[in-house]
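Record features, source TrEMBL:
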type	residues	note
BINDING	H64, E65, H97, E98	Fe cation 1 binding site
REPEAT	78-118	repeat 'HEAT'
BINDING	H220, E221, H253, E254	Fe cation 2 binding site
Amino acid sequence: MAVEHEPVSDAELEKLESVLLNKADNVSLHRRFRALFTLRNMDDDRAVQAISKGFKDESALLKHELAYCLGQMKRTSALPMLEDVLRDDREDPMVRHEAAEALGAISDPSSMPILSQYTTDPNRAVRETCEIALAKIEFDNSSEGKAFRAQEHSEFTSIDPAPPSEQREEVAALRARLLDTSLPLFRRYRAVFALRDIGTPAALDALADGFGDSSDLFKHEIAFVFGQLSDLHTVPALLRVLQNDGEADMVRHEAAEALGGIATDDVLPHLREWNKRPDAPRVVRESCEIALDMWEYERSGQLEYADGGGMEKGSVAVA
Ligand SMILES: [Fe+2]
Ligand SMILES: [Fe+2]
């Protein structure tokens, strides 16, 4: 259940914004993330404006999270900013990917031309994201999509890049679709979310088989749903991803954060190690910082993973 929020005053908003933007120049990244989640939970256009100011930052990890949050807020006032981020070819592909995915989450048909345009982007994760986001907007606006939305489908509150597959299917059939690279990614994603919603060990093993794919985007989404599920069963697969320095940054980043949310004793030394490793990519080190903060939160019994705002348990899932 969502927590009811008091309206946030302009003064509080300004405080959150200055934490998010690190105006004092001494704010840790994980505090900035918590301020971001509080702003996201405010769910108004002032928060959209505050979050949008963060795209001048140097941290790709922070910026991709800004884009994710703007998508989850589902406010059309964020569209111009997200389009600018997608168009900026000097921007980190992980951030551009998340901007495209956010356009899909907001699901306004006016985003379709720009998403079509970037389905030929040189970066594979960006063009694949655009392809999926386009398919999602088409689906949402179809009669099937409208009927689908009328029912409750999932205990997860996130707006996903694709809906779970429609029919109740066996894990084996879903696994086959998940791994069938001849299918459009949107259909494979639907199998990902169906398996997530099933959530049994067999379903999780099927998802983990997806880590053998050649698409970084696809693999990062599997790590993301493992973060949502927070199931001990996925720890060995996630640790293999985090420790594999041949794996793409965006996949390792998502594995680190999933491990932070699962928060068992055995993941802690690995998160600490990769937070400090000088040879680790910045995104991986920073993800481990956020993961360590999530780990502490999960173990602390605090009710909210945010900075003064409310967030229901289980929705910590960062992008
Ligand atoms: Fe992502
Ligand atoms: Fe992410």
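Each Cβ is built from the backbone N, Cα and C atoms, and glycine gets one as well.
Its Cβ placed at the centre, E221 (Fe cation 2 binding site) has 28 other Cβ atoms within 10 Å.
Around the Cβ of H253 (Fe cation 2 binding site), the same chain contributes L61, M94, H220, V283, V284, S287, each under 8 angstroms and 6 or more positions distant in sequence. E254 (Fe cation 2 binding site) and H64 (Fe cation 1 binding site) are 12 Å apart (CA-CA, integer value). In this structure, the C-alpha atom of E221 (Fe cation 2 binding site) lies 12 angstrom from that of E98 (Fe cation 1 binding site). For ligand 1, there are no nearby binding-site residues; that is, of E65, E221, H253, E254, none has a C-beta under 6 Å from one of its atoms.
Neighbour count (other Cβ atoms within 10 Å of the Cβ, all protein chains): 27 for E254 (Fe cation 2 binding site).
Separating the Cα atoms of E254 (Fe cation 2 binding site) and E65 (Fe cation 1 binding site) is a whole-number distance of 11 Å.
Checking the binding-site residues E65, E98, E221, E254 against ligand 2, the ones with a C-beta less than 6 Å from an atom of that molecule are E254. Of all the binding-site residues listed (E65, E98), E65 has the fewest other CB atoms within 10 A of its CB. Under the DSSP three-state reduction, H220 (Fe cation 2 binding site) is assigned to helix. Mapped onto DSSP helix, strand and coil, the repeat 'HEAT' (78-118) counts 34 helix, 0 strand, 7 coil. In terms of local Cβ density within 10 Å, H97 ranks first among the binding-site residues H97, H220.
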